[in-house]
Amino acid sequence: MSAKILDGKAIALELRESIRAEVDRQVAAGKPRPGLAVIMVGDDPASAVYVRNKKIACEKAGFNDVSEVLPAQTTQQEVLALIDKLNADESVHGIIVQLPVPAHIDPEEIIERISPCKDVDGFHPYNVGRLATRMPIMAPCTPHGVMTMLAKTGIQLRGLDAVVVGASNIVGVPQLLELLNERATVTVCHSATKNLAHKVAQADLVVVGVGIPEMVKGDWIKPGAIVIDVGINRMDDGRLVGDVEFEVAKEHASWITPVPGGVGPMTIATLLENTMKVAYHLDCKAK
Ligand SMILES: Nc1nc2c(c(=O)[nH]1)N[C@@H](CN(C=O)c1ccc(C(=O)N[C@@H](CCC(=O)O)C(=O)O)cc1)CN2
Ligand SMILES: [Mg+2]
(Lines of atoms letter the chains of each structure in order from A and count residues from 1; the text may use other names and numbers.)
(Lines give C-alpha, C1' and ligand atoms only; values in the text may rest on other atoms or scores of the structure.)
(Ligands and ions follow the chains in the order given, each with its own letter.)
Protein backbone atom coordinates (compact mmCIF):
# COMPACT_ATOMS: atom_id res chain seq x y z
CA MET A 1 0.00 0.00 0.00
CA SER A 2 1.22 3.47 -0.83
CA ALA A 3 1.30 6.24 1.81
CA LYS A 4 -0.92 9.31 1.75
CA ILE A 5 1.03 12.44 0.83
CA LEU A 6 1.18 15.15 3.49
CA ASP A 7 1.07 18.11 1.14
CA GLY A 8 3.01 20.93 2.82
CA LYS A 9 2.59 23.24 -0.15
CA ALA A 10 -1.22 23.07 0.10
CA ILE A 11 -1.28 23.31 3.93
CA ALA A 12 1.11 26.29 3.82
CA LEU A 13 -1.04 28.04 1.22
CA GLU A 14 -4.14 27.58 3.37
CA LEU A 15 -2.28 28.98 6.41
CA ARG A 16 -0.95 31.95 4.41
CA GLU A 17 -4.46 32.76 3.15
CA SER A 18 -5.84 32.72 6.69
CA ILE A 19 -2.97 35.02 7.78
CA ARG A 20 -3.75 37.42 4.91
CA ALA A 21 -7.44 37.47 5.94
CA GLU A 22 -6.50 38.31 9.54
CA VAL A 23 -4.09 41.06 8.47
CA ASP A 24 -6.86 42.59 6.36
CA ARG A 25 -9.24 42.50 9.36
CA GLN A 26 -6.67 44.02 11.75
CA VAL A 27 -5.64 46.75 9.31
CA ALA A 28 -9.31 47.62 8.69
CA ALA A 29 -9.64 47.97 12.48
CA GLY A 30 -6.76 50.47 12.53
CA LYS A 31 -3.90 48.15 13.53
CA PRO A 32 -0.49 48.35 11.81
CA ARG A 33 0.70 45.83 9.24
CA PRO A 34 3.07 43.20 10.68
CA GLY A 35 6.68 44.18 9.93
CA LEU A 36 9.32 41.50 9.33
CA ALA A 37 13.08 42.06 9.00
CA VAL A 38 15.09 39.22 7.49
CA ILE A 39 18.81 39.98 7.80
CA MET A 40 21.02 38.12 5.33
CA VAL A 41 24.80 38.46 5.44
CA GLY A 42 26.67 37.41 2.29
CA ASP A 43 25.44 35.68 -0.85
CA ASP A 44 24.91 32.00 -0.08
CA PRO A 45 22.82 30.91 -3.12
CA ALA A 46 20.36 28.67 -1.20
CA SER A 47 19.82 31.40 1.42
CA ALA A 48 19.18 33.93 -1.35
CA VAL A 49 16.32 31.71 -2.64
CA TYR A 50 14.80 31.36 0.85
CA VAL A 51 15.10 35.10 1.58
CA ARG A 52 13.48 35.98 -1.75
CA ASN A 53 10.65 33.52 -1.03
CA LYS A 54 10.17 35.07 2.43
CA LYS A 55 9.95 38.51 0.81
CA ILE A 56 7.30 37.32 -1.66
CA ALA A 57 5.36 35.59 1.14
CA CYS A 58 5.43 38.85 3.18
CA GLU A 59 4.06 40.86 0.27
CA LYS A 60 1.27 38.34 -0.41
CA ALA A 61 0.28 38.28 3.27
CA GLY A 62 0.11 42.09 3.47
CA PHE A 63 3.17 42.42 5.73
CA ASN A 64 5.77 45.19 5.56
CA ASP A 65 9.03 43.59 4.50
CA VAL A 66 12.01 45.49 5.91
CA SER A 67 14.68 42.93 5.05
CA GLU A 68 18.35 43.83 4.72
CA VAL A 69 20.92 42.01 2.57
CA LEU A 70 24.41 42.89 3.84
CA PRO A 71 27.73 42.26 2.06
CA ALA A 72 29.75 39.17 3.08
CA GLN A 73 32.44 41.34 4.72
CA THR A 74 29.96 43.00 7.15
CA THR A 75 31.38 42.88 10.68
CA GLN A 76 29.82 41.35 13.80
CA GLN A 77 29.52 44.86 15.29
CA GLU A 78 27.66 46.14 12.23
CA VAL A 79 25.14 43.27 12.41
CA LEU A 80 24.67 43.88 16.16
CA ALA A 81 24.11 47.60 15.52
CA LEU A 82 21.45 46.81 12.90
CA ILE A 83 19.69 44.47 15.35
CA ASP A 84 19.75 47.19 18.05
CA LYS A 85 18.12 49.59 15.58
CA LEU A 86 15.43 47.05 14.56
CA ASN A 87 14.78 46.09 18.22
CA ALA A 88 13.99 49.76 18.93
CA ASP A 89 11.74 50.21 15.87
CA GLU A 90 8.06 49.76 16.85
CA SER A 91 7.00 49.11 13.27
CA VAL A 92 9.22 45.99 13.21
CA HIS A 93 7.52 43.02 14.90
CA GLY A 94 9.82 40.20 13.83
CA ILE A 95 13.59 39.99 13.28
CA ILE A 96 15.52 36.98 11.98
CA VAL A 97 19.04 36.40 10.75
CA GLN A 98 19.14 33.98 7.83
CA LEU A 99 21.42 31.00 8.60
CA PRO A 100 24.11 30.04 7.82
CA VAL A 101 26.12 33.25 8.35
CA PRO A 102 29.71 33.72 7.06
CA ALA A 103 32.45 32.11 9.19
CA HIS A 104 33.62 35.40 10.80
CA ILE A 105 30.15 36.04 12.27
CA ASP A 106 29.21 34.46 15.62
CA PRO A 107 25.56 33.40 15.24
CA GLU A 108 24.98 32.80 18.99
CA GLU A 109 25.82 36.39 19.94
CA ILE A 110 23.66 37.69 17.07
CA ILE A 111 20.66 35.54 18.02
CA GLU A 112 20.90 36.56 21.69
CA ARG A 113 20.96 40.23 20.68
CA ILE A 114 17.51 39.98 19.03
CA SER A 115 14.80 40.95 21.50
CA PRO A 116 13.12 37.69 22.63
CA CYS A 117 9.82 39.49 21.92
CA LYS A 118 10.77 39.90 18.22
CA ASP A 119 12.56 36.55 17.86
CA VAL A 120 10.15 35.05 15.32
CA ASP A 121 12.60 32.22 14.53
CA GLY A 122 12.28 31.10 18.17
CA PHE A 123 16.06 30.56 18.40
CA HIS A 124 16.80 32.91 21.33
CA PRO A 125 17.67 30.94 24.51
CA TYR A 126 14.70 32.62 26.25
CA ASN A 127 12.26 31.16 23.70
CA VAL A 128 14.01 27.77 23.65
CA GLY A 129 13.68 27.74 27.45
CA ARG A 130 9.97 28.64 27.26
CA LEU A 131 9.40 25.72 24.88
CA ALA A 132 11.43 23.37 27.10
CA THR A 133 9.38 24.33 30.17
CA ARG A 134 6.02 23.83 28.42
CA MET A 135 5.32 27.58 28.25
CA PRO A 136 5.98 28.20 24.55
CA ILE A 137 5.71 31.72 23.17
CA MET A 138 7.68 31.61 19.92
CA ALA A 139 8.53 28.17 18.55
CA PRO A 140 11.09 27.53 15.75
CA CYS A 141 9.35 27.61 12.38
CA THR A 142 10.31 24.26 10.85
CA PRO A 143 9.41 21.99 13.81
CA HIS A 144 6.28 24.03 14.55
CA GLY A 145 5.30 23.77 10.90
CA VAL A 146 5.74 20.00 11.21
CA MET A 147 3.30 20.03 14.16
CA THR A 148 0.76 21.92 12.00
CA MET A 149 1.14 19.26 9.30
CA LEU A 150 0.81 16.40 11.79
CA ALA A 151 -2.42 17.94 13.10
CA LYS A 152 -3.83 17.62 9.55
CA THR A 153 -3.49 13.81 9.70
CA GLY A 154 -5.92 13.70 12.64
CA ILE A 155 -3.61 11.17 14.34
CA GLN A 156 -3.19 11.52 18.13
CA LEU A 157 0.49 12.06 18.99
CA ARG A 158 0.02 11.17 22.67
CA GLY A 159 1.76 7.86 23.39
CA LEU A 160 3.30 7.48 19.91
CA ASP A 161 6.91 6.31 19.70
CA ALA A 162 8.67 9.11 17.79
CA VAL A 163 12.23 9.07 16.48
CA VAL A 164 13.85 12.37 15.51
CA VAL A 165 16.98 11.91 13.39
CA GLY A 166 19.28 14.96 13.74
CA ALA A 167 19.84 17.10 16.83
CA SER A 168 20.29 20.62 15.42
CA ASN A 169 19.05 23.79 17.14
CA ILE A 170 16.90 24.60 14.08
CA VAL A 171 15.16 21.23 13.71
CA GLY A 172 15.99 18.23 15.94
CA VAL A 173 16.04 19.73 19.43
CA PRO A 174 12.93 21.94 19.10
CA GLN A 175 11.16 19.03 17.34
CA LEU A 176 11.93 16.86 20.38
CA LEU A 177 10.42 19.52 22.66
CA GLU A 178 7.30 20.02 20.50
CA LEU A 179 6.60 16.28 20.35
CA LEU A 180 7.32 15.80 24.07
CA ASN A 181 4.85 18.60 24.86
CA GLU A 182 2.24 16.52 23.00
CA ARG A 183 3.20 13.49 25.12
CA ALA A 184 4.87 11.44 22.41
CA THR A 185 7.75 9.26 23.61
CA VAL A 186 10.72 10.75 21.78
CA THR A 187 14.15 9.35 20.92
CA VAL A 188 16.65 11.77 19.34
CA CYS A 189 19.32 10.18 17.13
CA HIS A 190 22.50 11.90 15.94
CA SER A 191 25.93 11.22 14.47
CA ALA A 192 27.03 9.16 17.52
CA THR A 193 23.86 7.04 17.67
CA LYS A 194 24.33 3.26 17.42
CA ASN A 195 21.94 1.03 15.43
CA LEU A 196 20.08 3.87 13.74
CA ALA A 197 18.18 1.52 11.42
CA HIS A 198 16.91 -0.48 14.40
CA LYS A 199 15.75 2.68 16.22
CA VAL A 200 13.96 4.06 13.13
CA ALA A 201 12.27 0.67 12.62
CA GLN A 202 10.63 0.93 16.08
CA ALA A 203 9.06 4.33 15.38
CA ASP A 204 5.40 5.19 14.77
CA LEU A 205 6.60 8.65 13.69
CA VAL A 206 9.97 9.50 12.13
CA VAL A 207 11.19 13.09 11.62
CA VAL A 208 14.48 13.38 9.74
CA GLY A 209 16.60 16.54 9.43
CA VAL A 210 20.26 15.75 8.79
CA GLY A 211 21.10 17.14 5.35
CA ILE A 212 22.32 13.82 3.89
CA PRO A 213 20.46 12.70 0.72
CA GLU A 214 18.36 9.54 1.29
CA MET A 215 20.26 8.63 4.48
CA VAL A 216 17.19 6.97 6.00
CA LYS A 217 16.43 3.92 3.88
CA GLY A 218 12.85 3.21 2.92
CA ASP A 219 12.87 -0.38 4.17
CA TRP A 220 13.75 0.81 7.73
CA ILE A 221 10.26 2.31 8.03
CA LYS A 222 7.76 0.40 10.19
CA PRO A 223 4.55 -0.46 8.29
CA GLY A 224 2.02 2.33 8.91
CA ALA A 225 4.52 4.85 10.35
CA ILE A 226 4.32 8.60 9.63
CA VAL A 227 7.44 9.90 7.85
CA ILE A 228 8.38 13.60 7.94
CA ASP A 229 11.38 14.55 5.81
CA VAL A 230 12.93 17.93 6.66
CA GLY A 231 15.97 17.47 4.40
CA ILE A 232 16.38 19.51 1.21
CA ASN A 233 19.47 18.39 -0.72
CA ARG A 234 20.23 19.81 -4.16
CA MET A 235 21.90 17.14 -6.32
CA ASP A 236 24.47 17.80 -9.08
CA ASP A 237 21.75 17.33 -11.73
CA GLY A 238 19.64 20.07 -10.02
CA ARG A 239 17.09 17.68 -8.45
CA LEU A 240 15.98 18.28 -4.85
CA VAL A 241 16.15 15.15 -2.72
CA GLY A 242 15.16 14.61 0.91
CA ASP A 243 16.96 12.79 3.72
CA VAL A 244 14.61 9.78 3.31
CA GLU A 245 14.57 7.29 0.44
CA PHE A 246 11.08 8.44 -0.61
CA GLU A 247 10.14 5.91 -3.31
CA VAL A 248 10.69 2.91 -1.01
CA ALA A 249 9.54 4.60 2.25
CA LYS A 250 6.17 5.51 0.72
CA GLU A 251 5.41 1.80 0.27
CA HIS A 252 5.78 1.27 4.05
CA ALA A 253 4.45 4.52 5.60
CA SER A 254 0.85 5.59 6.22
CA TRP A 255 1.70 9.29 5.64
CA ILE A 256 4.80 10.84 4.11
CA THR A 257 6.01 14.34 3.19
CA PRO A 258 7.47 14.91 -0.29
CA VAL A 259 10.60 16.93 -1.12
CA PRO A 260 10.11 19.52 -2.48
CA GLY A 261 6.61 20.63 -1.44
CA GLY A 262 6.60 19.13 2.06
CA VAL A 263 8.07 20.74 5.16
CA GLY A 264 9.94 23.57 3.34
CA PRO A 265 6.87 25.70 2.50
CA MET A 266 5.60 25.26 6.11
CA THR A 267 8.77 26.96 7.43
CA ILE A 268 7.90 30.21 5.66
CA ALA A 269 4.16 30.07 6.48
CA THR A 270 5.02 29.52 10.17
CA LEU A 271 7.41 32.50 10.11
CA LEU A 272 4.47 34.66 8.99
CA GLU A 273 2.29 33.08 11.70
CA ASN A 274 4.88 33.90 14.41
CA THR A 275 5.28 37.48 13.12
CA MET A 276 1.53 38.04 13.10
CA LYS A 277 1.36 36.73 16.68
CA VAL A 278 3.89 39.37 17.77
CA ALA A 279 2.03 42.11 15.89
CA TYR A 280 -1.45 41.39 17.24
CA HIS A 281 -1.59 38.78 19.99
CA LEU A 282 1.44 38.89 22.29
CA ASP A 283 2.04 40.94 25.38
CA CYS A 284 5.72 40.07 25.70
CA LYS A 285 7.47 41.03 28.94
CA ALA A 286 10.89 39.48 28.26
CA LYS A 287 13.93 41.77 28.41
N1 LIG B 1 17.09 32.00 10.29
C2 LIG B 1 16.79 30.83 9.71
N3 LIG B 1 17.64 30.26 8.87
C4 LIG B 1 17.31 29.07 8.29
C5 LIG B 1 16.05 28.45 8.55
C6 LIG B 1 15.18 29.08 9.47
O7 LIG B 1 14.06 28.58 9.79
N8 LIG B 1 15.57 30.28 10.02
N9 LIG B 1 15.68 27.29 7.87
C10 LIG B 1 16.44 26.87 6.71
C11 LIG B 1 16.10 27.56 5.42
N12 LIG B 1 14.71 27.97 5.23
C13 LIG B 1 14.27 29.08 5.81
O14 LIG B 1 14.97 29.96 6.20
C15 LIG B 1 13.87 27.33 4.24
C16 LIG B 1 14.25 26.17 3.60
C17 LIG B 1 13.45 25.64 2.58
C18 LIG B 1 12.26 26.21 2.21
C19 LIG B 1 11.42 25.70 1.08
O20 LIG B 1 10.32 26.18 0.88
N21 LIG B 1 11.92 24.75 0.32
C22 LIG B 1 11.24 24.26 -0.88
C23 LIG B 1 12.28 24.11 -1.99
C24 LIG B 1 12.90 25.41 -2.36
C25 LIG B 1 14.02 25.28 -3.38
O26 LIG B 1 13.72 25.23 -4.56
O27 LIG B 1 15.19 25.23 -2.97
C28 LIG B 1 10.55 22.94 -0.61
O29 LIG B 1 11.02 22.20 0.28
O30 LIG B 1 9.57 22.66 -1.27
C31 LIG B 1 11.88 27.35 2.87
C32 LIG B 1 12.66 27.90 3.88
C33 LIG B 1 17.93 27.13 6.96
N34 LIG B 1 18.16 28.47 7.42
MG1 LIG C 1 18.68 39.83 24.12
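Backbone N, Cα and C atoms are what each Cβ position is placed from, and that goes for glycine too.
Among the features that TrEMBL reports, NADP(+) binding site is placed at GLY166, ALA167, SER168, ILE232. Residues annotated as domain 'Tetrahydrofolate dehydrogenase/cyclohydrolase catalytic' in TrEMBL: 6-121. Taken from TrEMBL, the feature domain 'Tetrahydrofolate dehydrogenase/cyclohydrolase NAD(P)-binding' covers 140-279.
Positions of the features from TrEMBL, shown on the structure.
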residue	record	Cβ contacts under 8 Å, 6 or more apart
GLY166	NADP(+) binding site	GLY172, CYS189, HIS190, VAL208, GLY209, VAL210, GLY211, VAL230, ASP243
ALA167	NADP(+) binding site	VAL173, LEU176, VAL188, CYS189, HIS190
SER168	NADP(+) binding site	GLY209
ILE232	NADP(+) binding site	LEU240, GLY242, VAL259, PRO260, GLY264
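Ligand 1 lies under 6 Å from the Cβ of ILE232, out of the binding-site residues ALA167, SER168, ILE232. Per-class residue totals from DSSP over the domain 'Tetrahydrofolate dehydrogenase/cyclohydrolase catalytic' (6-121), listed helix then strand then coil: 61 helix, 16 strand, 39 coil. Across the residues of the domain 'Tetrahydrofolate dehydrogenase/cyclohydrolase catalytic' (6-121), the predicted structure has a mean pLDDT of 97. Classification of GLY166 (NADP(+) binding site) by DSSP places it in coil, neither helical nor stranded.
Counting residues of the domain 'Tetrahydrofolate dehydrogenase/cyclohydrolase NAD(P)-binding' (140-279) by DSSP class, helix then strand then coil, yields 53 helix, 26 strand, 61 coil. Overall, the recorded NADP(+)-binding residues GLY166, ALA167, SER168, ILE232 cover a maximum inter-Cα distance of 16 Å.
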